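Q: Here it is: the structure, laid out below.
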Amino acid sequence: MSFELTRRQYADLYGPTTGDSIRLADTELFLEIEKDLTVYGEEVVFGGGKVIRDGMGQNGQVTRDEDVPDTVITNAVILDYTGIYKADVAIRDGHIIKIGKAGNPQITDGVDIVIGASTEIIAGERKILTAGGVDTHIHFISPDQVPTALTSGVTTMVGGGTGPAEGTKATTVTPGKWHIQRMLQATEGMPINIGLFGKGHASAVEPLAEQIRAGAIGLKVHEDWGSTTSSIDNSLKVADEYDVQVAIHTDTLNECGFVEDTIRAIGGRVIHTFHTEGAGGGHAPDIIKIAGLPNVLPASTNPTLPYTRNTIEEHLDMLMVCHHLNPDIPEDVAFADSRIRAETIAAEDVLQDLGIFAITSSDSQAMGRVGEVITRTWQVADKMKKQRGVLKDPAGGAHGSEDSDNFRLKRYVAKYTINAAIAQGMADSIGSVEEGKFADLVLWDPAFFGVKPELVLKGGQIAYALMGDANASIPTPQPRTMRPMFAAFGKAVQQSSITFLSQAAIDAGVPEELGLQKVIRAVSGIRSLSKADLKYNDATPDIQVDPETYKVTVDGEDVTCEPADVLPMAQRYFLF
């Protein structure tokens, strides 16, 4: 016998379904559910008098050896580059093993996830599930960045550094074997995935190659160490040999050549460009044009995202501190001024919206904010909708109804998840909500989406969660704050997080030599990449910058936007 529910009643009980829309935080962005893999009337829900009980939604006869999941997230709305849909998500041995319909096949048809006595339940009803964020521009200045990143929904940190040394405060570099191996050991107790960049500055190849064999997953070329054409070429030669990435912060002062010289030195080889607009550093005033090349994987850092009335004013002091400049030296001030251009910053939001810039990252404590990658990405998406309207798929693909924001949502979620993972050769393990991936997942209340997660899972175990007073009689009394959970303690840290290394370092026995206990994965497939491999952000137009006015054009059309006066996902959510 069937029973009819209104959409509101159904959403209250089991979460929204196909055709329903969800507003993301206090933005003007609306997610529309494209499909529902659960079965109407057979939804699994946990609780007193609910479905997931022995002989009902739970099969009491199967053992864990019969591929029963360790955890099922029920009735969650998944927001991912792969789609926007509702499903049950099964996790086993720290990986996503199935996305579909959970329950007990003895009493329900269409079940492809069997809930057993070994299965924990996380209620995903009325929640949004995303992949953990991947931040590819980390200055490892302070260990306190790790919980800050995790509590924002970022589960992977890629970059370089040794602590608050001058080299680290300016450049994402962990220089040399000794520092690389000490940092690998230091991060063993941190419940986050880690990858380190070596220093990409040497006039010979071997000083670079030895860093890759020591455990670096790539090389960083930075102007503060001298972003010369020889450094670029040698780093890329080593990268080609060992299948690792080269990240670059180019030459603001144009001392060693102009952007055209850097492009020639790169020579068509794949490279990951940081803060490609230029305020964070790079050929003045036209580094932004490199984003149109098919071999360049271009990123923004979050200080310039989105463009607001305060963006220009705050940058000068940040830059002076981060790059060890002296405000009493006119040349240092001129250097800083040359990097801060309202015209190129105004173009950056639009280039993100057009899918030309493909990645967002933080530049943590070195002009960027490690806990704001996700928030600022969605602030840009909201600002662009308000200024440019609904974004349509230029390929004509179907992404929900005519006025849905689904295409824009897929483009923007890809920027800090799958595209960042692809750029660093990590996408086989992380970066999306797909079967076979490491279960780094973030569960959001829609009202707090992109601002404050409800749960952060690392390798299938809860690492951080919104939690109330531990002395209270229930979990929810105020103050509710993001607090470390059991995956952040003891030996669980090693089983729930990944240390990424080069294959050469693994072959050389670095994990055994250093006694590394985290899950070890090799980066791979990097040197064959092109921008076409990036999801929803693969545009390669002709970008030009007027050297006098700094006006930016894309295929001959002016590209700019107005600064925002007010942003969503801001003071409404934060006291400080």
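Any Cβ shown, glycine's included, is placed from N, Cα and C.
From Swiss-Prot, here are the annotated features:
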- His323: active site, proton donor (ACT_SITE)
- His137, His139, Lys220, Asp363: Ni(2+) 1 binding site (BINDING)
- Lys220, His249, His275: Ni(2+) 2 binding site (BINDING)
- His222: substrate binding site (BINDING)
- 132-576: domain 'Urease' (DOMAIN)
- Lys220: N6-carboxylysine (MOD_RES)
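I'd like these features described in context: how deep, what's nearby, how far apart.
A: Non-local contacts of His137 (Ni(2+) 1 binding site) by the CB criterion (under 8 A, 6+ apart in sequence, same chain) comprise Val158, Gly159, Thr172, Ala247, Phe274, His275, Ala299, Thr301, Ser361, Ser362, Asp363, Ser364, Gly368. DSSP gives His137 (Ni(2+) 1 binding site) a strand state.
Take the CB of His275 (Ni(2+) 2 binding site) and look out to 10 A: across all protein chains shown you find 28 other CB atoms.
Long-range Cβ neighbours of His222 (substrate binding site) (same chain, at least 6 residues apart, Cβ-Cβ under 8 Å): Ala170, Thr171, Thr172, Val173, Gly200, His201, Ile248, His249, Gly281.
DSSP classifies Lys220 (Ni(2+) 1 binding site) as strand under the three-state reduction. Taking a C-beta cut-off of under 8 angstroms and a sequence separation of 6 or more, Lys220 (Ni(2+) 1 binding site) has the following same-chain neighbours: Gly160, Thr171, Thr172, Val173, Phe197, Gly198, Lys199, Gly200, Val246, Ala247, Ile248, His249.
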Q: If the Ni(2+) 1 site is taken as the center of the Cβ atoms of His137, His139, Lys220, Asp363, which further residues of that chain fall within 8 Å of it by their Cβ?
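A: Sorted by sequence, the hits are Ile138, Gly159, Gly160, Thr171, Thr172, Ala247, His249, Phe274, Thr301, Ser361, Ser362, Ser364, Ala366, Gly368.
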Q: Which three-state DSSP class does Asp363 (Ni(2+) 1 binding site) fall into?
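A: Reduced to three states, the DSSP call for Asp363 (Ni(2+) 1 binding site) is coil.
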Q: Does anything in the same chain, at least 6 positions from His139 (Ni(2+) 1 binding site), have a Cβ under 8 Å from its Cβ, and if so what?
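A: In sequence order, the residues whose Cβ lies under 8 Å from that of His139 (Ni(2+) 1 binding site) (at least 6 apart) are Gly159, Gly160, Gly161, Thr168, Lys169, Thr171, Thr172, Asp363, Ser364, Gln365, Ala366.
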Q: Give the three-state DSSP assignment (helix, strand or coil) for His275 (Ni(2+) 2 binding site).
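A: DSSP call for His275 (Ni(2+) 2 binding site): coil, neither helix nor strand.
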Q: Looking at the domain 'Urease' (132-576) alone, can you tell me the average pLDDT?
A: 94
